[in-house]
Amino acid sequence: MGSFNTSFRQGFILMGFSDYPQLELIFSVLISIFYSLTLFGNSAIIILSQLDARLQTPMYFFLCHLSFLDLCYTTSIVPQLLINLQGYDRTISYGGCVAQLFLFLALASTESVLLVVMAFDRYAAVCRPLHYTTIMHPLLCLSLAIASWVGGFMNSLIQTSLMMVMPICGHQLNHFFCEMPILLKLACENTEETEAKMFVTRVVFLIFPVTLILGSYANIAQAVLKTKSMAGCKKALGTCGSHLVVVSMFYGAAIYTYLQPKGSYSESKGKFVALFYIIITPMLNPLIYTLRNKDVKRALWRVLGRGTDSG
């Protein structure tokens, strides 16, 4: 027995999906494809937003941050996972585990805050259209983006610090990366006080944002129902609907993983849920936001030199 930061400096063994050997090759191929699509889709959004002046709006500014977040936190996990699935090396060093835990929590927490900011942006666009450009001033947009990043990294710093002083028994992690719930399962002393502190920060970064987002969309729905323009109503529902899909996928998986008691956490189910929010959601985000978005399609054609300014 020892603390996280002293006893297992030789590292941990990530068991990954070794209990499903018949699925490892299939997972390896599928995850490689999904990861490639994630890199391509999110990079395309960032590049298009920078190249086309028509996409340099608050909505696409925040969408670029979301795409960059998805690129970073999938890349912090997936390469290690692919190596694990090949069976070449299932170990991760102590430093690598701490870095992976910190980065993942920081980026996921940042995304949690950023989704609230994006909901506020949609609220201002739909409910305060005449004042939208005044409300979503470039300086405010930049401040909100910085606040999202700072808040996310501060939350990660707190949770990682608390985790590092926990007493740990064992060095086998029944997971494919160093995730908080699986590390808590290895705690070999009463850690209720520490877990209570962690739980409070999770509520702040999960339940509170969901409440704010639902409140924003309740106001948006009310405003949309009052509008007399069917075209405007359809556009608002399309834009906001795509955001709600992303919100549902992200927070649903996160709440399932991080807000259930340690004793009821299923390691096997946890691995598959983690695949969803690490692999599937970042891959789908570009499609959800752009598949029916005429602005992005027109920007793509303009960049390729096949469109006209009038689109």
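Numbers here mean position along the shown chain, with the first residue as 1.
Just so it is clear, glycine is given a Cβ too, placed from its N, Cα and C backbone atoms.
Database features (TrEMBL):
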TRANSMEM  25-48  transmembrane segment
DOMAIN    41-289  domain 'G-protein coupled receptors family 1 profile'
TRANSMEM  60-78  transmembrane segment
TRANSMEM  98-120  transmembrane segment
TRANSMEM  132-154  transmembrane segment
TRANSMEM  203-225  transmembrane segment
TRANSMEM  237-259  transmembrane segment
TRANSMEM  271-291  transmembrane segment
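At the 8 Å Cβ threshold, with sequence separation of at least 6, the transmembrane segment (132-154) lacks contact with the transmembrane segment (237-259), having fewer than 3 such pairs. Note on the transmembrane segment (25-48): residues 17, 55, 60, 63-64, 67-68, 70-71, 74, 78, 81-82, 85-86, 275, 279-280, 282-283, 285-287, 289-290, 296, 299-300, 303 of its chain, located 6 or more positions outside it, place their CB under 8 angstroms from a CB of the stretch. Averaged across the domain 'G-protein coupled receptors family 1 profile' (41-289), pLDDT in this predicted model comes to 85.
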